[in-house]
Amino acid sequence: MHTGTTLTQFIIEDQRHIAGASGDFTALLNDIVTAIKTISNAVNKGALIGVMGALDTENIQGETQKKLDVITNEIMIHHNEWAGHLAGMASEEMDDVYSIPNRYPLGKYLLVFDPLDGSSNVDLNISVGTIFSILRAPVPGQAASMEGFLQPGTKQVCAGYALYGSSTMLVLTTGHGVNGFTLDRDIGEFVLTHPNMKIPADTREFAINASNQRFWEAPVQRYVSECLAGSTGPRGRDFNMRWVASMVAEVHRILTRGGIFMYPRDNKDPSKPGRLRLMYEANPMSFIVEQAGGISSTGYERILDIVPQDLHQRVPVILGSKNEVEVVLGYHKA
């Protein structure tokens, strides 16, 4: 039996150091964790319970929804709408803000989430995840409008992701470093296994979808070509290229051993210069990466400083090991 610190113990201990803490935030996190455990179980059983495959529906992004996209979205709503901690929710899978039903009390927080990141991989048994972000409601106890959600990433109270792989992990920041917890299914608890996670400043790994190479801007073209040139090129060392098509898996690798992840601005579709959703993916992951000592940028500005213009705004993303991201940003300034 594992005798380490459980997530529940960790959260309560953290709460004790916050003057005037009411316990609402702790209770909200516990509800999110319960949802994540439920999603982990659904992903783990997969075809055994008939949740694999696609539906004949699309989300607001115009993407074909997997069965698990819809199921995991419903799980997140079900476990977080009832307790009176939230004034509203927003999901990558929903067009508009989700209003808390009238039968439930309203709280002082907002929950933003991508219920199943990397869902295109789910039928292939490749790692997928859940990403979430907690914001303060502009008016506690009052139903939040869309405008109430349009806060820059610097306003996040908490951000985290769950990774459903060979084990289920939860990685979390409340603005005081990053900690990783692994689900111990014997006791049904997340246990602290990766305390104070830090991203190495240097790396020889980069992750990018090379099939879009012809659409990249010149700074990214230069950076990738120099990496591929290896020890005989201007960088003077060999690099490895990765691509999982799951932001959770990419960021988790970077947190574990360093690296740089890029989904840069391109001209493939002029109406979508960026691909990743600011509120559901870029902001929470940027908060985590910065708290672990890394950098996150669009190539032109810090992601956490961007004020969202709508719930489903997309942005370019370049994040990861500090020194390597600074090389890419330097090329953007050249």
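Just so you know, glycine gets a Cβ as well, placed from its N, Cα and C.
As annotated by TrEMBL, domain 'Fructose-1-6-bisphosphatase class I N-terminal' applies to 6-195.
Annotation source TrEMBL lists Mg(2+) 1 binding site at GLU92, ASP114, LEU116. Taking a C-beta cut-off of under 8 Å and a sequence gap of six or more, ASP114 (Mg(2+) 1 binding site) has these contacts in its own chain: SER91, GLU92, GLU93, THR130, ILE131, PHE132, ARG277, TYR280, GLU281. DSSP assigns ASP114 (Mg(2+) 1 binding site) to a strand segment in the three-state reduction.
The Mg(2+) 2 binding site annotation in TrEMBL covers ASP114, ASP117, GLU281.
Annotation comment: TrEMBL describes ASP117, GLY118, SER119, SER120, ASN209 as substrate binding site. Note on SER120 (substrate binding site): other Cβ atoms within 10 Å of its Cβ, all shown chains, come to 17.
Per-residue pLDDT, averaged along the domain 'Fructose-1-6-bisphosphatase class 1 C-terminal' (199-331), amounts to 97 for this model. Per TrEMBL, domain 'Fructose-1-6-bisphosphatase class 1 C-terminal' is recorded for 199-331.
All protein chains shown were included, and the count of other CB atoms within 10 Å of the CB of ASN209 (substrate binding site) stands at 14. In the three-state DSSP assignment, the secondary structure recorded for GLU281 (Mg(2+) 2 binding site) is helix.
According to its DSSP assignment, GLU92 (Mg(2+) 1 binding site) is coil. A Cα-Cα distance of 16 Å separates ASN209 (substrate binding site) from ASP117 (Mg(2+) 2 binding site).
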